[in-house]
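See below for the structure under consideration.
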Amino acid sequence: MASPSPANSPMPPPQAPSPMAPPSQSPAPSPHSPYPHQQPGPLQGPPPPGHPGAYGHPMQHGPPGQGPPGHHMPPHHQGMIFSKGPHMGMQMPPTGPNMSPYQTHGMPPNAPTQPCIVSPGGPPGGPPPPERSSQENLHALQRAIDSMEEKGLQEDPRYSQLLAMRATSKHQHLNGNQVNLLRTQITAYRLLARNKPISMQMQQALQAAQQQPPPGPPIGPPGAPGGPPPGSQHAGQPPVPPQQQQQPPPSAGTPPQCSTPPASNPYGPPVPGQKMQVAPPPPHMQQGQPLPPQPPQVGGPPPIQQQQPPQQQQQQSQPPPPEPHQHQLPNGGKPLSMGPSGGQPLIPSSPMQPQVRGTLPGMPPGSQVPQPGGGPQRQVPPAGMPMPKPNRITTVAKPVGLDPITLLQERENRIAARISLRMQELQRLPATMSEDLRLQAAIELRALRVLNFQRQLRMEFVQCTRRDTTLETALNIKLYKRTKRQGLREARATEKLEKQQKLEAERKRRQKHLEFLAAVLQHGKDLREFHRNNKAQLARMNKAVMNHHANAEREQKKEQERIEKERMRRLMAEDEEGYRKLIDQKKDKRLAFLLSQTDEYISNLTQMVKQHKDDQMKKKEEEGKRLIQFKKELLMSGEYIGIDEGSIVADMRVHVVEQCTGKKLTGDDAPMLKHLHRWLNMHPGWDWIDDEEDSCGSNDDHKPKVEEQPTATEDATDKAQATGNDEDAKDLITKAKVEDDEYRTEEQTYYSIAHTIHEKVVEQASIMVNGTLKEYQIKGLEWLVSLYNNNLNGILADEMGLGKTIQTISLVTYLMDRKKVMGPYLIIVPLSTLPNWVLEFEKWAPAVGVVSYKGSPQGRRLLQNQMRATKFNVLLTTYEYVIKDKAVLAKIQWKYMIIDEGHRMKNHHCKLTQVLNTHYIAPYRLLLTGTPLQNKLPELWALLNFLLPSIFKSCSTFEQWFNAPFATTGEKVELNEEETILIIRRLHKVLRPFLLRRLKKEVEHQLPDKVEYIIKCDMSALQRVLYKHMQSKGVLLTDGSEKGKHGKGGAKALMNTIVQLRKLCNHPFMFQHIEEKYCDHTGGHGVVSGPDLYRVSGKFELLDRILPKLKATNHRVLLFCQMTQCMTIIEDYLGWRQFGYLRLDGTTKAEDRGELLRKFNAKGSDVFVFLLSTRAGGLGLNLQTADTVVIFDSDWNPHQDLQAQDRAHRIGQRNEVRVLRLMTVNSVEERILAAARYKLNMDEKVIQAGMFDQKSTGSERQQFLQTILHQDDNEEEEENEVPDDEMINMMIARSEEEIEIFKRMDAERKKEDEEIHPGRERLIDESELPDWLTKDDDEVERFHYQYDEDTILGRGSRQRKEVDYTDSLTEKEWLKAIDDGAEFDEEEEEDDSKRKRRKRKNRKEESDDDSLILKRRRRQNLDKRSKKQMHKIMSAVIKHNQDGRTLSEPFMKLPSRQRLPDYYEIIKRPVDIKKILQRIEDCKYADLNELEKDFMQLCQNAQIYNEEASLIYLDSIALQKVFVGARQRITAAADAAAVAAGDNTGEAHGNGGSDNSDNDDDDGGDDGSDDEEIATTSAAAVKMKLKLNKSLASAPATPTQSSSNVSSGAATTSKKQTRRKRSQKKYTISDDDDDDMD
């Protein structure tokens, strides 16, 4: 097959070899080639005779033209450059007449494709010249490698490629014929396995391989050199080397063997017709001559030798070209690839045909010619290293494999048989077939008949096509070219053209280089753009994925919130069934655990309630049997005649019978046992009878008409049947099922089991007169009666003011009227409410005999005698008398025990509970309380244990149920809102049968509202000075008279700092010597009166502004105070103001208290203020004629204050109630109020996990005390802001008219004050104080240490033992312990840092005092510097308008709390522009940053409260920008002015203007304070330790012992007799303290 001519060939012309690449390489395999790249293993030589080849069949040398067929070249392999003859690195397999060129696979897949280099001087069609031998290629490759090493280019990637080429070009394993044959066999096997036909070319190749004879045995002795047989050399052939000439010829009949040694590289095809022999080693090897280095031989299949193709035989007849220059091999061999006849070079038939491997004629048998284009081979070891011995060729024959030719022939035979069989079938078809089927059969028969003809025609056509398209010039382009002689002119033209070509080539090269650079740059840009687009796309995809997941998560969260809201809705709607379904769907283990726990607890409680009722029933039956037996004994013995009417059986009925007629009287008609004797005398002929069926007397005779409690569903079913409407009936039944008792268990409901006997009560008892009970009170009476009928005890816990007293009286009268239970009833009440109970009984039940058991011991003994002599129904007494006179009162068989203010029983171990449980016997008990849970859960358990000890036995079990439900599961103890509601509902479930609580807002809609305000009061200068030293050092300043230094000042330490601080907050004159020395300073007579009473106290000053306004608008005031000494000072103030008042405290006698209540509640009473102590007057009093409650100082227990508030906010109140709680800013009262709020929050939530199990230790209490004493003042200024007159007027006013009245009164007051005392403040300032009160810290510290000398050394008496105060006491007990047993120890701390920190804090506290001159000076300087700037900034903000609208108008003044109450709930720190302007005037801003902070807070408040799209929201954002811009503009102008002023004044002012001088003042002030700090670093800090007297802790408290005293230090006897009761040291009552007996 001819190759294309250079003119029309798409291949570029051959180029010279490059030094950077091997001189000659085979073309690389195309990546699109259908044939996989095979890397043959190393060759070890041909197998012995008869041994099968490497591919399963014996190696044979068949006739020419029967070699393996070539493979068709893929159409896209057009970039290959072919040489004119066979290349040294190419292996040309023999090709048949119809074989296409074959692409060799000698190079590795990653080898670059380079054109094959053609020898420039070789003749056309001749063999490659020796100059281009492989050895020269290796030398050129080595030179390129050495050149790169000299230039230091070892890191260049081409260097490693050259090394790989050098390593791989030294040995080849398989030649092209072997590879082709191997691939042909593999392809044939694959086609046979897939049952596919094999092409004709493949069949010819396989047949040629099969017909090759196996190589014969070697000729000659072992080791003798072999050569070709005689006559094989033709004329013109170069002479054979001597080694080959000396070889004897082979014997006849034995074919010569292939001369190719193992791993030899063929450089020419073998001679046709000559058998190839295995050449023995040459003589120089036998003589020990050194061999050239060879690669190590690895075992592998021997090469398959193929005969010369017929194309080469045809080319041998051509005339020989001139003989080229011979290349001498290293062993002195002859030129390569000489033909067998006359030395003519062999011409390959196709440029793609690979050569057969062979050895060079002169090379030793073991040497291998390097292959430049070979594949990856093993590297040649360096010279001098010993070569491994090649493996011996084994003589064992390999097993003969399957012959694909035989298989192919069998397949062809089968196909031919099938075709003939099919043709016979088609010829024998019946004539009855349809026309279309017969037509199809005829078509198929003709197609099968013409098959062989088609095959022959196709073969002839293909052969003719190949013969016609094959040209003689295909093999040799210059075959018919006429040579032309070269002349001088042509040479010059040639030179000129050559020069032009060079220039053009250089221009093209540069152009190509530029294009290459441009392409590289463009590729770089494209690459960057590609990656940028990829990143952008990836970012978009990531964003889309994130959005998808965010949306999915949002939807999931919305769904979860919806489900949670639905669960909460059903939970709050008591839909137990629906809630459990949602819990099952959510599969929340915690909620399911709570529900299962609740069911378990309710089940246990149900069993305990059943057991309790059974036990009570058995006791009642046994008691009835015992009474019947006792009555029978009295009748039999006749002792009933003189029976005592107070006997337990005196009221039992006795059945009588008339002897003559047999008539019987039973039931109510029968006489009582106490009247039996008189009745028998009046009715002769009658006699008593013994009736065994007589049960339990009057109790059985008067059984209540009761019925079993029907469920709500049964009632609804009855109503539905009565209505007759199906839809209404369904709705009614469904609603009833939801409203039915949610505590349903398997058998019966928990509540219905507890209240099995249900008695309907529709009206009050007939003996209850002078009023009618409200509907909810009737329901409460019905519940109380149900408790009685079911032998249960309970708690009536209605909110304060709903009439628990009236409901109790109605229960007593109902039992007396309907049940005939005449008593006696024991009602235990506080002493302060005892007169109120007596009044209520006199009003509502005058027919009931009531005994008020109180008074002195002599009076109580008279009452005891009276009780024995006369009948009574109710005994009213107090807690103390129940304990004191238990020997007398416990003997009475009480029917019912009722305890008012039942939260007094909150301590299970208190003396009252123990006495009532051990000494008093009452089958029924009832507690009345408005606050069943005050502090912690065990208090509630104590109440339930007192009522039902058989049900609520263990406190720990009760606490575990409701305190830490998850403590046993190992999960976190904290509860979320839903779990908390479940726990609360669990508590309500447990308490529902035993506790009834209604709120005012639920039952009394007409009751007016109650609004509470906290009014903050400022301190006077006297209060600030005393409070500062008491807080920091625990000392009270004196004038020094106790040390004989009158007027020079002094200090003394006082116990119980917290109480002293509270006293200073109320009034400084609660310390008597302060009042006396102040009188000496002002010229008084020991007692201060007049305006100075309110000017020295912030709270009194506030009262002086409030009380006249309330009196002018006809409001009446209840003023509650904790300390009776403060009440005395308030009395002096009220007397000076001439306000009518009444006073009730712990010292008020019981008989006087009722009179005080009547006087205040009387119509037309002129009493304006009722002055009460919180403990004495805060319980059980009806003072609804007052509508204003002033809490002068808060109690530690918030429920005490709530009780006090409800004295006015109760049934009967017609006006809105205002509660004003006074609190001094920056004082201990803030912490007290915070603790009260904490307790109220606890009471509202009823229970929180882990909240009630904390037991305070001594260290915790110490830390709490230190926190109160040394509180930091870093709170917001808004929280410490004192309200002005306008705000106070809004708090106390009930209408707009009152606000106008209050404004007018404020103006009149200010005018009057200005006229009387012009320029004087309402609170005294520091300038009005004595000199001994204005001492600095150094002097006070010195006074303190002088006072400490006596304290530290002592007076010689024994030291009080220190008690570890770590038990669990309430705040009341703790404060009482501080009052009675605490003392101070001063110790010096060693840490200077702590001392400095404390001094720094003290200095900060001093900075808040207006009395400091330095602070005033700074504020004055501050006014001059920045007040003008602040006004300018605020003016710019106020005047800013947009679209003709002033933006600041809505922000000027906030709406009132009445108009917008929710605003003040959402916004914690309300601010408006008017307030900011007022603060600028008051110099409360130190710099512009504070002003900006407040203004930004104003804008943030507007943005928090309003929606984003609202106009106010947008205006607030705009005002923020206006403020920032105005500040920058004004401050820049001020700085420029300051710089100009500095330039004008020169160097006299230092570095700047007024700002720097102000800074100098500030620095000087700071330096002075630092000096003060340094001077006082040796001062000792006071550290307080709590100590409790052991005798106080162990001895039981009595009313006199439990009274708290005001500790005033070493109090001296007053020299002058004052009208105040200074000897009275009580500030709380003793008889009403709820902790005196705990």
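In case you wondered, yes, glycine gets a Cβ from its N, Cα and C as well.
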Where does Swiss-Prot put phosphoserine, among Ser1259, Ser1407, Ser1623?
Ser1407
For which of Ser341, Ser367, Ser1041, Ser1411 does Swiss-Prot record the feature phosphoserine?
Ser1411
Site from Ser199, Ser954, Ser1594, Ser1608 that Swiss-Prot describes as phosphoserine, others unannotated there:
Ser1594
Could you check Swiss-Prot and say which of Ser647, Ser1295, Ser1591 is marked as phosphoserine?
Ser1591
Quick one: DSSP breakdown of the domain 'HSA' (501-573) into helix, strand and coil?
72 helix, 0 strand, 1 coil
Other CB atoms within 10 A, centred on Lys804 (ATP binding site):
22
Helix-strand-coil residue split for the compositional bias 'Low complexity' (201-211), DSSP-based:
11 helix, 0 strand, 0 coil
Mean of the pLDDT scores, which run from 0 to 100, over the domain 'QLQ' (173-208):
82
Additional residues around ATP, ordered along the sequence, whose Cβ is within 8 Å of the centroid of Asp798, Glu799, Met800, Gly801, Leu802, Gly803, Lys804, Thr805:
Gly930, Arg1210, Ile1211
Which three-state DSSP class does Thr805 (ATP binding site) fall into?
helix
Which number gives the other C-beta atoms within 10 angstroms of the C-beta of Met800 (ATP binding site), all protein chains shown included?
21
For Met800 (ATP binding site): DSSP state (helix, strand, coil):
coil
With an 8 Å cut-off on Cβ-Cβ distance and a minimum sequence separation of at least 6, pull the same-chain contacts of Asp798 (ATP binding site), or say none.
Gly780, Lys804, Gln807, Gly930, Leu996, Arg997, Arg998
